[in-house]
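A.B. asks: Pasting the relevant annotations from TrEMBL:
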- 30-53: transmembrane segment (TRANSMEM)
- 47-293: domain 'G-protein coupled receptors family 1 profile' (DOMAIN)
- 65-88: transmembrane segment (TRANSMEM)
- 108-125: transmembrane segment (TRANSMEM)
- 145-167: transmembrane segment (TRANSMEM)
- 187-207: transmembrane segment (TRANSMEM)
- 240-261: transmembrane segment (TRANSMEM)
- 277-295: transmembrane segment (TRANSMEM)
Amino acid sequence: MNECYYDKRMDFFYNKTKTDTADEWTGPQLIGVLCFGTFFCLFIFISNSLVIAAVVKNKRFHFPFYYLLANLAAADFFAGIAYVFLMFNTGPVSKTLTVNRWFLRQGLLDTSLTASLVNLLVIAVERHMSIMRMKIHSNLTKKRVTFLIISIWAIAIFMGAVPTLGWNCLCDITVCSSLAPIYSRSYLVFWSVLNLVVFFIMVVVYIRIYMYVQRKTNVLSSHTSGSISRRRTPVKLMKTVMTVLGAFVVCWTPGLVVLLLDGLNCTDCGIQNVKRWFLLLALLNSIMNPIIYSYKDDEMWATMKRMICCSSEDKSQERRSSRIPSTVLCRSTDTSGHYMEDGIIQGTICGKGDLGDKGNS
């Protein structure tokens, strides 16, 4: 019967698997890594919070697609928490961790990845439902979307906890991996292959949907006199989603391939030399997504700027309130905004733009 090592610290497993824990991360190099990580984690928290707030604030975003997009931003926000925890529990500190604390460190990362992946898969289903009917948004009710979001996080938490629940090598250290010294190599193979297969499926689905939309748009353009910008809106939404998916695949695939090679016990692949760079690449994905949302969706960017501008103006207005009579302090330059391509609001960036929204709703 194999002996179990639940009471050992991580230095025992690192020494058994000869895993490099970056003991050279000390002094200025460690400070530089912490400063770099802290800056980008703060950006992840602030930018993804703005995306979520924009969806809540702007009534034009109150549709299943944007609810799921906000949930994807929530997954990126959660990833920021996971990176902060990892940042202060890595390098030379890794060897001092208990087994449970190390499981928590890795479980947070696995949960954030799964949440993003499953959310993208659900968005693919939502896009399929709407695109096949040539609609901008699907007919999913708020209750169903809420159920989907809860299910996404339930699956993510479960997948993040699988190694803790028993699929590990604590009772058989001969099958321990190198990158994750208390994870079984068979689990790493399962985990990486599962995610890579889902990546491939989603890419194929989105390409097929995009080709269908392009074909239908070309056909409709010659037989209908409707607004060109309105017909292009589903295409532009698809471009946003495909850009997000593309960034996700590019940022996460190298790391998953490295995990697969480790699971296959490839001792000559030099995986220890690239693991940190691929982890930083995964971190970059949570930074890129809010930028993609704001760049590809003008209304999202306008809403975010309006929240930032009006937040700063509220402070100046409080200082002037004793001198200025009761008037409109922040005027709109165009309250007759219409729904254009990409859902763009041709209105003020910082002002009473909601008046125009109410007039068009």
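Each residue, glycine too, has its Cβ placed from N, Cα and C.
Where the annotation comes from TrEMBL, it is an automatic prediction and has not been curated.
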A.B. asks: What stretch of 108-125, 145-167, 240-261, 277-295 shows the most Cβ pairs under 8 Å to the transmembrane segment (187-207)?
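C.D. replies: If we count Cβ pairs closer than 8 Å to the transmembrane segment (187-207), 240-261 scores highest.
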A.B. asks: On the 0 to 100 pLDDT scale, where does the domain 'G-protein coupled receptors family 1 profile' (47-293) sit on average?
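C.D. replies: Across the residues of the domain 'G-protein coupled receptors family 1 profile' (47-293) the model's pLDDT averages 84 on the 0 to 100 scale.
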A.B. asks: What parts of the chain pack near the transmembrane segment (108-125), using Cβ distances under 8 Å and only residues at least 6 beyond its ends?
C.D. replies: 65, 68-69, 71-72, 74-76, 78-79, 81-83, 85-86, 148, 152-153, 155-157, 159-160, 163, 191, 195, 198-199, 202, 205-206, 209, 241, 244-245, 248, 252, 282, 285
A.B. asks: Counting Cβ pairs under 8 Å that sit 6 or more residues apart, are there three or more between the transmembrane segment (145-167) and the transmembrane segment (65-88)?
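C.D. replies: Output yes: the transmembrane segment (145-167) sits against the transmembrane segment (65-88).
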A.B. asks: In the same chain, who gets a Cβ under 8 Å from the transmembrane segment (240-261) while lying at least 6 residues past its ends?
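C.D. replies: Tertiary neighbours of the transmembrane segment (240-261) are 72, 113, 116-117, 120, 123-124, 127, 179-180, 188-189, 191-193, 195-196, 199, 202-203, 206, 210, 269, 271, 274-275, 278-279, 281-282, 284-285, 288-289, 292-293, 296-297.
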